[in-house]
Amino acid sequence: MSKKDPCQKQACEIQKCLQANNYLESKCETVLQEMRKCCARYSQGRSVCCSGFEREERERQKFKVTSEGIPPPPQ
């Protein structure tokens, strides 16, 4: 028996919000931010629901480093 995903509730809230707002992300920024907070609380890989948010954060960090003129770390 597997454990419940710690960020599943926030993921469901995002889906409800998007459905209620014709899939306009700008209308759901509050619930998206709550999901980001939840994903930040749990180590990488602990929440399947966070996989897209973890990828988003890696891309954000890569862009930040690149825009500051510091080369990104090798992958």
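Count begins at 1; order follows the chain as displayed.
For all residues, glycine too, the Cβ spot is worked out from N, Cα and C.
Please treat TrEMBL annotations as automatic predictions, because they have not gone through curation.
Note that this is a predicted model, so its numbers are computed, not measured.
Between CYS17 and the candidates CYS7, CYS28, CYS38, TrEMBL records the disulphide bond with CYS28. Here CYS39 is paired by TrEMBL through a disulfide bond, and of CYS49, CYS50 its partner is CYS50. Among the disulfide-bonded residues CYS7, CYS17, CYS28, the residue whose Cα lies closest in space to that of CYS39 (disulfide bond) is CYS7. Of the candidate disulfide-bonded residues, CYS17, CYS28, CYS50, the one lying closest to CYS38 (disulfide bond) when CA atoms are compared is CYS50.
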